[in-house]
Structure formats: structure tokens, C-alpha cells
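Engineer: Below is the structure I would like to discuss, written out as C-alpha cells.
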Amino acid sequence: MKQPVRVTVTGAAGQIGYALLFRIASGAMLGDDQPVILHLLDITPAMDALQGVRMELEDCAFPLLAGVVCTDDPNVGFKDADYALLVGARPRGPGMERKDLLEANAAIFSVQGKAIDQNASKNIKVLVVGNPANTNALIAQRNAPSISPRNFTAMTRLDHNRAMTQIAIKTGKTVNDVTNMTIWGNHSATQYPDLFNAKVSGQTASDLVDQAWLEGDFIPTVQQRGAAIIKARGASSAASAANAAIGHVRSWALGTEGDDWVSMGVYSDGSYGIAEGLIYSFPCRCKDGEWEIVQGVEVNDFSRAKMQASEQELAEERDGVKHLLP
Ligand SMILES: NC(=O)C1=CN([C@@H]2O[C@H](COP(=O)(O)OP(=O)(O)OC[C@H]3O[C@@H](n4cnc5c(N)ncnc54)[C@H](O)[C@@H]3O)[C@@H](O)[C@H]2O)C=CC1
Ligand SMILES: O=C([O-])CC(=O)C(=O)O
């Protein structure tokens with residue numbers, strides 16, 4: 001049996017937390033030979049609810065669950081953490097854009113970045129889910145100078161999964177036939193889901209649909225899916241968000257499949273002309289616990305314009321939180 005690893009989940013008493021923790025404890029994220037110690041971090045008023053979650057985790061008798069720590073103290077929450085899923089943040093309501101949450105949520109990620117810097121393993125892998133995820137990841141990263149910027153990522157896997165299903169439905173196939181999907185940019189309404197490189201049963205996806213559907217239906221559906229769920233459910237996506245978080249960390253820790261890739265918000269090294277240092281979603285392959293941006297993906301003029309619009313938005317978000325970026 002492997003030694004247990006410590007996995008911190010913030011916002012653990014919230015709705016994504018409830019859909020996430022039981023799957024982590026079951027082995028779905030890190031493999032069924034990897035015991036975990038869960039560190040559940042939330043705010044003080046949520047501590048009673050968090051104890052309820054702990055009791056339910058205990059009641060599952062998961063063979064891989066080697067311990068549960070519940071806390072409202074970030075220093076305890078991130079102590080020796082090997083993985084952190086930063087979920088705890090306010091969700092948006094109807095009519096809001098995700099960046100409207102920046103003011104409410106940004107400070108959380110500055111505090112947590114510092115606590116990660118001071119307490120966590122230097123090899124910690126961090127996934128930011130709380131919105132606006134890319135810029136919150138940037139804030140956490142910049143407040144943790146002793147840890148490689150490569151260790152801070154933001155979640156666009158939910159957008160990636162949404163895009164895979166939309167093209168599968170349109171072409172009468174299943175997600176098993178879809179490969180090489182890419183979400184470029186920000187987890188926001190400017191994100192760009194790319195059908196020019198995606199494949200369905202080995203064929204280029206954009207060749208299988210007309211441009212009017214691609215521009216007028218596919219792209220807006222993926223960009224606006226979060227808002228559509230809020231409108232329908234009265235609450236933002238939770239089970240699908242948790243599922244995407246599991247997928248993101250699993251790909252990062254255990255590797256991507258064959259030649260395929262996944263979408264991850266990662267520290268830009270200037271690839272594809274995207275400003276260095278932004279947390280931008282690129283096509284990534286993972287191996288041995290490291291991600292790399294896939295190079296040589298074709299970018300036509302249509303794609304280039306959309307990628308730049310999302311980059312521009314991320315630069316504006318970054319400039320809006322300058323006071324939190326040491
Ligand atoms: N990147 C993505 O694809 C997605 C991101 N999200 C975002 O995830 C976040 C969480 O969503 P839900 O779980 O639905 O919200 P929720 O409101 O159900 O839960 C949030 C939890 O975070 C806690 N929290 C607040 N401040 C905290 C702090 N400083 N430290 C620790 N915990 C804190 C709250 O007490 C609450 O328990 C939201 O920002 C939402 O917009 C949601 C879906 C997809
Ligand atoms: O749309 C929201 O606010 C929640 C979210 O990020 C998503 O479902 O993609």
C-alpha cells in the first residue's frame with residue numbers, strides 16, 4: 001500500500017464539495033491504490049455543516065480514506081498538503097458574469113496562496129475551481145513565491161467536457177469518439193472551444209458541421225452553459241463541476257491518454273503568443289505528474305481572434321487585482 005497523500009479541499013461544506021469529497025475518498029481522483037488524508041477547509045459558520053460531511057465520510061468506510069481534518073484555519077488546512085482543490089468562493093447568481101465575483105472572492109485566494117506558501121509541500125499541485133478561476137489561480141500563485149508557478153492551475157475541464165458532448169450529440173456519436181478538444185483562454189464567456197483541431201472518429205470536427213452552427217450555436221452554447229444551468233437549477237453546476245475537478249487532477253497526476261490531450265488553465269510560457277504569466281487554458285498533455293502545453297496545434301485567423309479576445313480579458317482581470325499581486 002502506498003503512503004497516504006494529503007488532499008486539501010476548500011469550501012468543503014459547499015455544494016461542489018459535497019459532490020467531490022466522496023469521489024476523492026473512493027479513489028476516483030488519484031487511483032484505487034492511493035490512500036488519502038482529506039483536509040476540509042471552510043469558514044467558521046460552516047463548521048457544523050462540515051462536521052456532518054465528516055460523519056458521512058466516516059460512514060462510507062472508504063478503504064482509502066486514511067484520515068479527515070476539519071478546520072477553519074488555512075494554516076491547518078494546507079499543512080503538508082500534496083494536492084489542493086480551491087473550491088471555496090461565492091458562486092454567481094442569475095445575470096452575473098463570473099468576473100463580477102472578483103471583488104468578493106479575490107481576497108480569499110491571496111490569503112490561501114500565502115498559507116500554501118508557508119505550510120504546504122513544495123510539490124503541491126493546486127487546482128482552482130472558485131470563480132473567476134483563472135484570475136484567482138493567478139492571485140494564489142503570485143502569493144506563493146516559494147512554489148513553482150507551474151503548480152497552480154485553473155479549471156476549464158468542465159468547459160472541455162461540455163464541448164465534447166455538444167459535438168458528439170451534433171454528429172450522432174458519443175464522447176468516446178471525440179478527441180483533441182481544446183478550450184483556449186479564460187473560464188468565462190470569452191473562452192474559445194476549438195473544433196478546428198478536435199476530432200470525431202478521427203475526422204476534423206469542423207469539417208463535419210457548418211460554420212453557422214459552429215459560430216452561432218456550438219461556441220455560445222459552451223460559453224453560456226454555466227449561466228444556462230444557473231437559470232434552470234437556481235444554483236450553479238455542482239456535480240458536473242466536481243466531476244471535472246476529479247478529471248483535471250487525475251489527468252495531471254496519472255497522465256493523459258495516448259496522443260490525446262486535455263484543457264487546463266496553466267501558467268503561460270508565451271506559447272501561441274499568449275502573454276507570459278497569465279493563467280490561460282491550453283491543450284495539455286500530462287505525464288509523470290507534469291503537464292506540458294501541446295505545441296504545433298493549428299491556429300487559423302478565426303481562432304487567433306478568439307484566443308486574443310480571451311487573453312485580453314485575462315489581462316484586464318489581472319490589472320484589476322494588481323493590489324493582490326506581490
Ligand atoms: N471553474 C469552474 O468550472 C466552476 C467553478 N465554480 C465555482 O466554484 C465555487 C464554489 O461553488 P459552490 O460549491 O457551488 O458554492 P457554495 O456556496 O455551495 O459553496 C462554497 C463554500 O465555500 C465556502 N467558503 C467561502 N469562503 C471561504 C474561505 N475563505 N475559505 C474556505 N471556504 C470558504 C463557503 O462557506 C461554502 O461552504 C464558486 O465560485 C463557483 O462559481 C462552479 C462551477 C464550475
Ligand atoms: O457559471 C458559473 O458561474 C459556474 C461555472 O463556472 C460553470 O458552471 O461553468
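Here the Cβ of each residue, glycine as well, is placed from N, Cα and C on the backbone.
Quick paste from TrEMBL:
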- 5-152: domain 'Lactate/malate dehydrogenase N-terminal' (DOMAIN)
- GLY11, ALA12, ALA13, GLY14, GLN15, ILE16, GLY17, ASN105, GLN112, VAL129, GLY130, ASN131: NAD(+) binding site (BINDING)
- ARG92, ARG98, ASN131, ARG162: substrate binding site (BINDING)
- 156-322: domain 'Lactate/malate dehydrogenase C-terminal' (DOMAIN)
- HIS187: active site, proton acceptor (ACT_SITE)
Engineer: Only counting partners 6 or more residues apart, tell me which same-chain residues put their Cβ under 8 Å from the Cβ of ARG98 (substrate binding site).
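Structural biologist: ARG98 (substrate binding site) has long-range Cβ partners ARG92, ASN131, PRO132, ALA133, HIS187, SER188, GLY226.
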Engineer: Roughly where does the domain 'Lactate/malate dehydrogenase N-terminal' (5-152) sit in mean pLDDT, to the nearest integer?
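Structural biologist: Mean pLDDT, the domain 'Lactate/malate dehydrogenase N-terminal' (5-152): 97.
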Engineer: Running a distance check here. Ligand 2 versus the binding-site residues GLY11, ALA13, GLN15, ARG92, ASN131, ARG162: which have CB less than 6 Å from one of its atoms?
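Structural biologist: By the Cβ criterion, which requires under 6 Å to ligand 2, the hits are ARG92, ASN131.
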Engineer: Return the count of C-beta atoms lying within 10 angstroms of the C-beta of GLY17 (NAD(+) binding site), excluding that atom itself.
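Structural biologist: GLY17 (NAD(+) binding site): 26 neighbouring Cβ atoms within 10 Å.
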Engineer: Just jot down the residues in the same chain as GLY130 (NAD(+) binding site), at least 6 apart in sequence, with C-beta under 8 A of its C-beta; none if empty.
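Structural biologist: Residues satisfying the criterion: THR10, GLY11, LEU86, VAL87, GLY88, ALA89, ASN105, ILE108, PHE109, ASN136.
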Engineer: Can you list which of the binding-site residues GLY11, ALA13, GLN15, GLN112, ARG162 have their Cβ under 6 Å from some atom of ligand 1?
Structural biologist: GLY11, ALA13, GLN15
Engineer: What residues, ordered by sequence, lie under 8 A Cβ-to-Cβ from ALA13 (NAD(+) binding site) and sit at least six positions away in the same chain?
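Structural biologist: When sequence neighbours closer than 6 are ignored, ALA13 (NAD(+) binding site) has LEU40, ASP42, ALA46, ALA49, LEU50, VAL53 within Cβ distance under 8 Å.
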Engineer: Express the distance between the Cα positions of GLY17 (NAD(+) binding site) and ARG162 (substrate binding site) as a whole number of Å.
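Structural biologist: ARG162 (substrate binding site) has its Cα 20 Å from the Cα of GLY17 (NAD(+) binding site).
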Engineer: DSSP three-state call for GLN112 (NAD(+) binding site): helix, strand or coil?
Structural biologist: helix
Engineer: Using C-alpha atoms only, work out the spacing between ARG162 (substrate binding site) and GLN15 (NAD(+) binding site) and round it to an integer in Å.
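Structural biologist: Checking the Cα atoms of ARG162 (substrate binding site) and GLN15 (NAD(+) binding site) gives a distance of 20 Å.
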